[in-house]
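Following: one structure in structure tokens, then a few remarks.
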Amino acid sequence: MLTIEDYYSSLFPNYHPTRVLVLVYQPFALLTLTILAWNEARINTRLRILVGYCLFFLSSLLIPVLDLRTSGHGGIGHFLGICIASALFGVADAHVQGGMAGDLSYMRHEFLQSFFAGVAASGTITSILRIVTKAAFQASEDGLRKGALTFFFISTCFVLGCVLLYAFVFPHIEVIKYYRLEAASQGSKTVVADLAAGGLTLESLKQDLEFHKEVNRLSTFQLLMQNVDLAAALFLTYALTLSIFPGFLAEDTGMHKLGSWYAVILIAMFNVGDFLARYIPLIENMKLESRWGLLVAACSRFLFIPCFYFTAKYGAQGWMLLLCIFLGLSNGYLTVCILVTAPKGYKGPEQNSLGNLLVLSLLLGVFAGVTLDWLWLIGKGW
């Protein structure tokens, strides 16, 4: 939805869609994830994630259907429908991202890195897809809308693929079954449905599960207190990123030779940098694991604010593109370093809970960022 900002800006020029849609999405994501994170030990993780992916699919399908229903004429009714879809995306994201982060936290850290690299890869793929669809229909009548609809329908097919992969492929991967069995032996009840979906009979586990019924584990609050520094670093990382991306990049960088392509290219540069940086921590010598170092690095990113402000006001296109790449690189690198550092030394159920808490911190940072993003409008009629 953010990558399609050029279409929404032309369809709803008076509603600030790039900023409003993110702001609508966040309260629903935060409230849902807060409830899920605090009750994660009693929730069926498989059902939670499947509900999230199905919501993603239905919301993705709703967007082009609304456009076809209104014949692409915009209006307040169409915009409210898009806002409802954005709110559903927030609920879906809380189910999926928190659930997957918790699920993978008690496995190998490479799995967690791979999942969040996939999140960034999706941004890169959607940027490429948007550029291709925009270019393909540029010369045709109503080309912007045709390109947007093609983009949405292809994206919906990708989401349907996620539903099918998680439901029918993921539970049967041998290494996944191994770590879920290990988590069950440590007293985790959230993996029972996943093990059953993987074709395992739970008879052999019953004694283990009963034995670990009262297993001692840290409470959610204790885990938060022990990792408040990492939670703060993740919060600050996303607060800074979302105060610039995508609202400022889409609406406040002025007019340039690239015209309507400018914001699309800027967002693509951020996504590429974010994607590449999430693989850097796989190189052991380049992985930052110091908690103090991660917090300092997250705070230092606030220097991007004056850099973007003065570049937008006085700089050329090339400098803005370079800044977007560095914004993405720092965002992706810190995200993976924080998320793979935190779960070390904890039991499976505690790692699951901690993964949910960190994603909650991430979404709190996103909410703070999209709220602060409106401050760029001061002096522009506000």
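For all residues, glycine too, the Cβ spot is worked out from N, Cα and C.
Here's what TrEMBL has on this protein:
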- 20-38: transmembrane segment (TRANSMEM)
- 50-69: transmembrane segment (TRANSMEM)
- 75-94: transmembrane segment (TRANSMEM)
- 115-137: transmembrane segment (TRANSMEM)
- 149-170: transmembrane segment (TRANSMEM)
- 230-249: transmembrane segment (TRANSMEM)
- 261-280: transmembrane segment (TRANSMEM)
- 292-312: transmembrane segment (TRANSMEM)
- 318-342: transmembrane segment (TRANSMEM)
- 354-377: transmembrane segment (TRANSMEM)
Do the transmembrane segment (50-69) and the transmembrane segment (261-280) come close, with at least three CB pairs under 8 A (pairs 6 or more apart in sequence)?
no
Taking contact to mean three or more C-beta pairs under 8 angstroms, with sequence separation of 6 or more, is the transmembrane segment (230-249) in contact with the transmembrane segment (115-137)?
no
When counting Cβ pairs under 8 Å to the transmembrane segment (354-377), the leader among 20-38, 75-94, 115-137, 149-170, 318-342:
20-38
Rank 20-38, 149-170, 261-280, 292-312, 318-342 by Cβ pairs under 8 Å to the transmembrane segment (75-94) and hand me the top one.
20-38
Quick one: do the transmembrane segment (292-312) and the transmembrane segment (318-342) reach 3+ CB pairs under 8 Å, ignoring pairs fewer than 6 apart in sequence?
yes
Taking a Cβ cut-off under 8 Å, which residues six or more beyond the ends of the transmembrane segment (318-342) line up next to it in the same chain?
101, 105, 109, 112-113, 116-117, 120, 227, 230, 233-234, 237-238, 241, 244-245, 249, 253, 265-267, 269-278, 280-281, 287-289, 291, 294, 297-298, 301, 304, 307-308, 311-312, 354-355, 358, 362
Can you tell me which recorded stretch out of 20-38, 149-170, 261-280 has the most Cβ pairs within less than 8 Å of the transmembrane segment (115-137)?
261-280
